[in-house]
Structures are given as structure tokens and as C-alpha cells.
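**Q** In case it's useful when we look at the structure, here is the feature table from TrEMBL:
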- HIS60, HIS108, ASP197, HIS201: Mn(2+) binding site (BINDING)
- 35-115: domain 'Manganese/iron superoxide dismutase N-terminal' (DOMAIN)
- 126-228: domain 'Manganese/iron superoxide dismutase C-terminal' (DOMAIN)
Amino acid sequence: MALRTVSRRGLAGLSRNGGGLGLGLGLVTVRGLKTFTLPDLPYDYGALVPYISGEIMQLHHQKHHQTYVTNFNNALEHLDQAMAKGHSPTIVKLQSAIKFNGGGHINHSVFWKNLTPVREGGGEPPKGSLARAVENQFGSLDSLIQKVNVEGAALQGSGWVWLALDKDQKRLSIETTFNQDPLVAKGSSYVPLLGIDVWEHAYYLQYKNVRPDYLKNIWKVINWKYASDVYEKECP
Ligand SMILES: [Fe+2]
């Protein structure tokens, strides 16, 4: 099988610390292979109490998200080795692990930014052009929230419910993805404004099996300013 070898000489020698690239997803360069790191939360683990417990936040961040990062990096390293050997079965086999763990890393990195403590504006409604778009398309913010909650509660198994911006259509859209599929898997024009994790690990310790209560309460700590900033940047 024909295989093209790409020289990595230009990247050799970059250390984990010295070669770091701040691309928003905690990206560093090791031996020419880009790997990912767990991003810090922009608030304390207990900052979202009483809506999300500190125990959930700590486990979710330190254990679940960290595992996605670790497994994503492992899969990328194996991919690198398989590509160097030109071993196509291994290259193909690794794709599901890359999608699942890479998606988990992408999704959680957005999720932490979608939340913020009440004292820092959590739950305050959107302003500006996003507020007008919500009003135009959904009638009211309450109507949008209700629709997101219905979709999130109805999602079978594990996954995510999103408030997405379709950049091409310049329209908001409520979307769901299964497992750790990132929103971009539904189309390259979709940009996540809000992504709500509806895996049980996101709520079970506090809400048990009552996902609708978790969905009802999470809006008290939603960071609409983040969503508004993304909207204005992507849809000026
Ligand atoms: Fe999660």
C-alpha cells in the first residue's frame, strides 16, 4: 500500500511545557505529536451549589473529563504509530475511540464554559442579538428552555442537548447528539452556543434518576453571556 512519509523534523525537540499551544482545548506538543490536557474550570467545584453539587463537579471534571483526555491522547498516539507503519486495519479501528474520547473532550470543554455561579451572572437571560434571535424564533426564553428540556429529557441513554447556531442559515436550532458525538458531527455549520450534558454522571449523585429536575435547575447557572458572545462573534 502506498504510504507518504511526512517529515516531523521541524517539530522535533518541543517539550511538553515548551511546546504548548494555547488553542482553547489545552493543547501541547510532545515529540511532534499534539496531545491534549484537561482545562481548568473557571470556578470552584462548589460554586454551582445548590444546583449542581461540588461532588458532582469534581468527579465530572477530574475523573470523567480527565479519562476522555487520557484516552483521546492514547488513541492519537496509537494512530500515530499505526500511520507510521502504514497499518490500515489499526488506523480504521481507532476511529471510534477518537470520536468518542475526542468528542468527550470537546463537549466537556464547552460545558464548563456554559456554566457560571449565580453571583457571576449565572441564569441571567441573554442580551443583545442573541436575545432578539431567541424571541424571534421561539417567542420567549421560557419557550426555548421548555423545548430544550423536553428534548433533553426524551434523549434515550446518554448524550447531549444543544442550543446551536447554524452559521449558514443564521438560525438557532435545538439539537441532540448521542454518546459523546460533538455537535459538529451533525454538520460543519453548527456552532455550540449551549451544550447540556445529560449523561447520568452529570446529575445522578444529586438528582438520582430524575433528569427533568436536573434540566430544570441547570438554567439557574447557565452562562448566557458566553452564549451571547459566541453568537455575536459567529453571526455578526
Ligand atoms: Fe459528562
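Note: Cβ is positioned from N, Cα and C throughout, glycine not excepted.
Note: TrEMBL annotation is automatic and uncurated.
Thinking about packing and proximity, how do these listed features fit into the structure?
**A** In three-state terms derived from DSSP, HIS60 (Mn(2+) binding site) belongs to a helical segment.
Per DSSP, the domain 'Manganese/iron superoxide dismutase C-terminal' (126-228) is made up of 52 helix, 25 strand, 26 coil.
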**Q** Which chain neighbours of the Mn(2+) site, leaving out HIS60, HIS108, ASP197, HIS201, have a Cβ atom within 8 Å of the mean position of the site's Cβ atoms?
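**A** The answer, listed by sequence position, is HIS61, HIS64, HIS65, PHE111, TRP199, ALA202.
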**Q** Where does HIS108 (Mn(2+) binding site) sit in DSSP terms: helix, strand, or coil?
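**A** In the DSSP reduction, HIS108 (Mn(2+) binding site) maps to helix.
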**Q** By the count of other Cβ atoms within 10 Å, pick out the sparsest of the binding-site residues HIS60, HIS108, HIS201.
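**A** So among HIS60, HIS108, HIS201, the binding-site residues given, the one with the fewest Cβ atoms within 10 Å is HIS201.
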**Q** Long-range same-chain neighbours of ASP197 (Mn(2+) binding site), Cβ under 8 Å, sequence gap at least 6?
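**A** Listed in sequence order: HIS60, ASN107, HIS108, PHE111, TRP160.
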